[in-house]
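S.K.: Okay, handing you the structure first.
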Amino acid sequence: MKETPIMILSGQDIQSRLGKDIVIDPFDPSRLSPNSYNLTLHDELLVYEEVVLDAASPNRYRRLPIPEEGLTLQPGTLYLGRTTEHTETHGLVPIIQGRSSLGRLGLFLNPGGSLGHAGYRGTWTLELHCVQPVRIYPHIQICQITYWEVSGDSPEEASEKYQNSNDIQPSLMHRELGYDDRDTQLELGFDEAIRSTP
């Protein structure tokens, strides 16, 4: 039996399916490429405020606005951001990946992978880290989204954990481990710990 090849949508296909099984809002046709679309970075980041992150507990964080003049990211820090765009996909698998132009500056995106699910809707949370200080700006074109056809039955996204997200989403791993959203972390002098680090 001949297998059906899994195919990536071209930029033209992406545009022709907008409003049907693909939603990208806002959409700018100038950001289409031959087989992807460039998504942009919103104007805010999130950083954790725990010296040790606990997978079984919600971890405290603070928000960092990205000013128009830019924000310098530092090595050794995990930054969470999100896309400006809200996307919705039906019957296709969306995948995002960092742009090579930023990788060549030492800025890397989502090392854990960015495989979406058919039926996902919301903004995308982005995991950013750099190998040397790098300055970023609000609404830069941060990543590319591609759409892949699915072979076989494709049930819509059933998980509500990150579905319908309109904000940066920190890890919710603690829910998978059976813990609730109560803050069980000890108070830590995060700024003092950073200042005292040799």
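Numbers run from 1 along the shown chain.
Cβ coordinates come from backbone N, Cα and C, glycine included.
Per Swiss-Prot, active site, proton donor/acceptor is recorded for E127. The annotation dCTP binding site is assigned in Swiss-Prot to R99, S100, S101, L102, G103, R104, T125, L126, E127, Q144 on the grounds of sequence analysis.
Describe the structural context of each listed feature in the structure shown, including burial, neighbouring residues and relevant distances.
M.R.: E127 (active site, proton donor/acceptor) falls within a strand segment according to DSSP. Take the CB of E127 (active site, proton donor/acceptor) and look out to 10 A: across all protein chains shown you find 17 other CB atoms.
A coil conformation is recorded for R99 (dCTP binding site) in the three-state DSSP classification, outside any helix or strand. Of all Cβ atoms in the protein chains displayed, 18 besides its own lie within 10 Å of the Cβ of R99 (dCTP binding site).
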S.K.: Please identify, from the binding-site residues S101, T125, the residue with the sparsest Cβ neighbourhood, meaning fewest other Cβ atoms within 10 angstroms.
M.R.: S101
S.K.: Give the maximum pairwise CA distance in Å, whole number, for the residues R99, S100, S101, L102, G103, R104, T125, L126, E127, Q144 listed as binding dCTP.
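M.R.: Greatest Cα separation within the listed binding residues comes to 21 Å.
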